[in-house]
Amino acid sequence: MKKKANEEKAQKRAKTEAKAEATQENKTKENNKAKESKIKESKIKEAKAKEPIPVKKLSFNEALEELFANSLSDCVSYESIIQISAKVPTLAQIKKIKELCQKYQKKLVSSSEYAKKLNAIDKIKKTEEKQKVLDEELEDGYDFLKEKDFLEWSRSDSPVRMYLREMGDIKLLSKDEEIELSKQIRLGEDIILDAICSVPYLIDFIYAYKDALINRERRVKELFRSFDDDDENSVSDSKKDEDNEEDEENEERKKVVSEKDKKRVEKVQESFKALDKAKKEWLKALEAPIDEREDELVRSLTLAYKRQTLKDRLYDLEPTSKLINELVKTMETTLKSGDGFEKELKRLEYKLPLFNDTLIANHKKILANITNMTKEDIIAQVPEATMVSVYMDLKKLFLTKEASEEGFDLAPNKLKEILEQIKRGKLISDRAKNKMAKSNLRLVVSIAKRFTSRGLPFLDLIQEGNIGLMKAVDKFEHEKGFKFSTYATWWIKQAISRAIADQARTIRIPIHMIDTINRINKVMRKHIQENGKEPDLEVVAEEVGLSLDKVKNVIKVTKEPISLETPVGNDDDGKFGDFVEDKNIVSSIDHIMREDLKAQIESVLDQLNEREKAVIRMRFGLLDDESDRTLEEIGKELNVTRERVRQIESSAIKKLRSPQYGRILRNYLRI
């Protein structure tokens with residue numbers, strides 16, 4: 001009976017447990033479904049948020065009306081009209097443009113004239129703002145509280161603290177503000193490119209990079225985005241010296257690389273061909289005879305369209321900020337009154353190893369005819385291959401100087417307008433770049449803190465990080481949807497780590513070697529933490545994937561040099577250099593032995609007669625000049641024949657070989 005009762009209880013318990021498990025499973029399923037539905041809803045919301053808000057596309061007339069209504073000055077540029085129409089306007093559209101000019105009292109001008117007008121407006125605004133600030137200061141009088149704050153601020157003599165205090169006053173940017181600043185940078189560069197397209201010489205200047213791009217020369221690596229290799233490839237270049245094993249690649253991979261390179265070369269050639277064609281069409285339209293029957297507005301808009309096409313072809317090459325700055329610098333350097341050209345010439349000449357008269361004479365000879373020389377001519381005349389790129393830059397400088405003397409084939413007024421346009425573009429882009437860089441200085445400091453105690457002072461780390469930040473500002477593309485700080489972090493880290501690799505050690509180690517050192521150190525730290533002792537080098541070599549000899553060499557490289565001025569002892573009265581053996585100085589024991597040997601030789605020679613003694617001394621270099629003389633030289637000094645000298649020498653040596661004297665000198669044979 002008891003058994004039956006126990007069995008029934010067990011069955012009931014099992015049923016209740018099964019029910020509980022089933023209900024629990026149902027609950028978890030419901031919870032999972034609820035979670036999945038929430039995730040789906042959130043994803044749908046995110047997708048909707050990311051979807052661009054549909055913008056109503058304006059018609060040509062509406063866009064034109066908006067352009068005239070929102071113009072900042074009493075002018076509208078031909079180029080802005082072409083950007084709306086994307087082609088030469090029709091007669092009906094030209095009629096509409098004329099109507100809007102009368103309605104809004106606007107004048108149609110070129111983009112360079114428009115930039116000049118805007119520069120004048122900005123100048124007036126700037127002077128008004130300055131005057132307003134001065135007036136406010138005069139009204140407020142002298143503020144003693146501000147002076148007190150300034151004194152407290154200036155008490156800290158630490159440059160780091162002063163820098164951090166100033167940096168803290170700058171506000172951080174939102175994502176929308178970053179996008180707006182990025183657009184401002186692009187706008188400034190667009191204005192500069194528009195000005196560049198007005199100077200045929202500068203288009204030829206860009207065209208000269210064609211061969212360098214095809215040959216993948218390092219000097220043009222950062223000038224064009226579309227053909228710019230990743231920085232990782234630059235690291236792979238340094239790895240070429242590491243091992244012969246790494247040079248062996250798969251045949252398939254080689255084929256892929258060659259195909260890729262072939263496509264790249266084709267792309268370069270097509271892009272430059274299109275640029276050359278657009279330039280020729282623009283020059284043809286520019287040089288075409290003016291037809292009096294043709295409407296002046298139609299001609300101006302046609303020229304603007306041709307120039308816009310040229311600019312679009314230039315944009316296809318995706319020039320970087322560095323190239324734009326180089327073009328502007330080239331133009332400004334040669335047009336500067338005074339020593340602008342001479343300064344640039346000296347800067348380039350400083351890179352050349354002109355350390356003797358022959359090289360200087362050769363340099364002057366090359367400069368005398370550099371504008372007519374090809375690259376092959378320069379290679380034939382310079383002693384080092386590294387000098388070729390400098391001479392090519394010198395050639396560009398001289399050609400630009402010649403072009404500038406002729407006003408770049410432009411009227412003086414037109415040249416001034418173009419320079420004003422460049423000035424405006426630089427002002428817009430520089431202002432936006434400075435604001436973006438200043439707003440992210442805190443990011444540099446936060447990253448630099450992680451690299452302290454690596455051999456560089458904190459301020460140096462901040463400065464190197466700032467260089468990386470400026471590169472990030474130049475290369476940032478807001479269209480990809482990333483925040484600037486996310487993109488800039490990589491550049492800042494890369495700049496700091498590169499600086500540590502180059503400057504932190506007394507003896508510089510290549511970057512690829514530092515990567516290997518870090519891998520070995522990581523493995524060794526791991527083993528010390530796990531086993532409490534350093535691992536065998538065989539184990540390290542196996543885990544790192546290198547040979548034992550390679551690991552030994554890397555560990556040797558990691559040893560830091562010790563300064564000879566390092567203090568030794570508790571009282572700091574000695575230096576490490578005092579304990580290093582000088583191999584050039586004779587040891588005291590050797591000195592005593594040598595002096596004793598000289599004395600013994602003198603005592604032995606005293607047993608010979610005067611003539612024998614003189615012959616032995618001269619023959620074996622025992623005089624003060626320590627030079628061995630020939631038999632003939634000794635004979636001349638003693639007024640005897642060569643044969644007689646030989647006889648005297650042999651008789652003297654015979655005497656010295658006797659056991660009586662030989663026993664004395666035998667102990668000195670090791671000296």
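The first residue you see is number 1, and the count goes up from there.
Glycine is no exception: its Cβ is also placed from the backbone N, Cα and C atoms.
From a predicted model like this one, the values you see are computed outputs, not experimental measurements.
The stretch that Swiss-Prot tags with DNA-binding region, taken from the ranges 291-310, 551-570, 571-590, 631-650, is 631-650. For the ranges 364-367, 460-463, 472-475, the feature annotated in Swiss-Prot as motif 'Interaction with polymerase core subunit RpoC' maps to 460-463. Range 604-658 is the one annotated as region 'Sigma-70 factor domain-4', of 109-163, 604-658 (source: Swiss-Prot).
Mean model confidence of the region 'Sigma-70 factor domain-3' (515-591) amounts to 84 (pLDDT, 0 to 100 scale).
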